[in-house]
Amino acid sequence: MTDHKNREPEENKKIRQLEKFYRDNEGKPMTTDEAVKISDDENTLSAGDRGPQLLEDFIYREKLSHFDRERIPERNVHARGYGAHGVFECYASQSDLTEAHFLQDAGRKTPVFVRFSQVAGSRGANETLRDVRGFATKFYTEEGNFDLVGNNIPIFFIQDGIKFPDLIHALKPEPNNEIPQGQTAHDTFWDFIGSNEESAAMMMWIMSDRTIPRSFRTMQGFGVHTFRLVNKEGVSHFCKFHWQPVLGVHSLIWDEAQKIGGADPDFHRRDLWENIEKGNFPEYELGIQVIREDQEFDFDFDILDSTKLWPEELIPLKKIGKMTLNKNVENVFAETEQVALHPGNIVRGIDFTNDPLLQGRLFSYADTQFYRVGTNFKQIPINRPIHTAHNNHRDGAARYVIDKGQVAYHQNYLANNTPYPVPGDKGGFVTYPSLVEGKKVRQTAPSFEDHFSQGRLFWNSMSDVEKSHILQAFSFELGKVKNPEVRERAVRLIAHISRPLAVSVAEEVGVPAPPEAIPESDVTASSPALSMQNTVFRTDTLKVGVIIDEQYDSNALKNAMASWEKAGLEPVFVSRRLGTLEGTNGDSLSVDETFLTGSPLLYDGLFVIGGPYATRDFHFMTNQFIVDQFNHYKPIGGIDEGAKWIEEIHLQNRPGVLTSRAPTDGFYKAFVNAMAKQRFWDR
Ligand code: HDE
């Protein structure tokens, strides 16, 4: 691993600002928090060798008291997450649409911090559970912090924030026995879904492979809500924000996701952390969909309804910049855990709409952050804006800033009326003066009432493989539901979207087929942009598990390595024990994993070389790796003994399985192409 600090980009001001707060213990004497040097940190002060311990031991008291307070409440949703620093670069000025400073100039770079998360699991949950993933970005702009707090799915379960606690209570482990952890395959979740038709479209999304991503690096991000962009002239456009991963959108398959939970419960954070350490910086392009104010009612869905997406075929996506994550945190608690992301943090040039779900969020985030992190959470290094904040907020628990001066009020004479408000034409934030009219009511807007068209649009857009995975996911999830009526009610909801799907699920989970009378959506349109089959396929950063033993074929390995390096593939050498192996040319390589510490689940492809002295055990373990890779549709290559072993179990010539006893350049190229394809669904 290389030292990532050498790669810190100059322009990353936020990182430079954070450095002021770093405390490096290396090579320093140990002290108390009051900076008194400590002579003994292992023995409590006691009266005599075997006597009672003394309360006056301030060193012991400080150590234990601090330890006793180490945990803070975890987030009540999105508790498990992982973050990284980076930079956002604007492609071209968006001044025709927005005054937002970070979008004014081509090439302008803005420091960012991103936290990826899973919704349901607690802080210790395994990371490959089926769940929506959070994708939350803090932009530290020159004109204040802008947070884009999104998910990896473009729509949401509910239309009004008042239902959020119900959704989350249904989704979290059931309160009587706290089972199951971090997943939706249980009665209360499906009871909620079956009882809330507005969740139908989101139900389809969460049953797709989107909820078991391959990596945080291969996930889209969506702001979900409709925001406003406002330009200098005060003209407003409605806007949706999207993040598009440069590596394409890729997922695990269910069998892998379940097993990786055991093989590596930290799968996603490890993947992100390791890739950033290696300099494989994840990149995402920011896209916007924009519609004019006068087009607000031009669509057959309400643009303020968060259970609806804007099909890209109707409203195209415009790429406006790129984010590169280029530095891991120094301390997960101080940065990732204490970061406070809030959709209410907007800057000049961006504003809210009346989307009722967005409005609900505007209250909830800061409210929970005051409770979870404390009154002065905005002064914590990770949350501070680039430029110091100036106002008359004072005091509160754990205030970090020492506010100078006599005056803490506005208006004033004693401090020449400072800090002073800044008018709109001088850079102050002004709210977009949208028209508000109507009576106070508690009701869902009639324009929010079509709950099935977009679920059907999503279903129509899926490839056959994606459809079969959705059926499998429903069969698993509802198969875990104990109450047959809850299963049946969920199946009836599916019938509104696709009757054949509902009938198949009903068969799988042992409930009656849904009544014929349930009207099925008649939408015939599809949106190719929604299918993961239409994404980008690349080889860079994919891992190849290479099974190899003593006296491996040095020349063949050299050629294979050259072709992998060119494609950006990363070999992981797996053998029977750690240490070095010698090849036929007297060269050597260092083993990365053993059959015990490694796992075929963790590699995107497998390349079997083996060696002439491989034992029966070695051969047996290799077979297991091959079979798992095969069952997960992943590419397999084999040369020398490897080719022989693959042939022995009759897998040669199956789709994506390549063997050769005399490998040529063409063979290595074919293996790289197979890696680029990633999965061979036609096996
Ligand atoms: Fe959140 N959500 N949410 N949410 N959400 C939180 O805020 C909430 C919603 C999302 O990495 C909490 O600081 C309500 C939609 C992410 O720190 C909490 C409603 C979307 C994160 C909260 C929603 C999200 C959160 C928990 C319905 C996608 C993690 C701790 C009105 C656009 C951010 C916290 C991070 C976190 C409330 C709906 C995404 C409780 C009331 C829709 C990515 O305040």
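Numbers run from 1 along the shown chain.
Note: Cβ is positioned from N, Cα and C throughout, glycine not excepted.
What TrEMBL says about a protein is an automatic prediction, not a curated fact.
Same-site candidate for heme binding, as annotated by TrEMBL with ARG75, ARG115, PHE164, ARG361, TYR365, chosen from ARG61, ARG348, ARG372: ARG372. The Cβ of ASN151 (active site) has 23 neighbouring Cβ atoms from other residues within 10 Å, across all protein chains displayed.
Of all Cβ atoms in the shown protein chains, 17 besides its own fall within 10 Å of the Cβ of TYR365 (heme binding site). If you take the Cα of PHE164 (heme binding site) and the Cα of HIS78 (active site), they are about 13 angstrom apart, rounded to a whole number.
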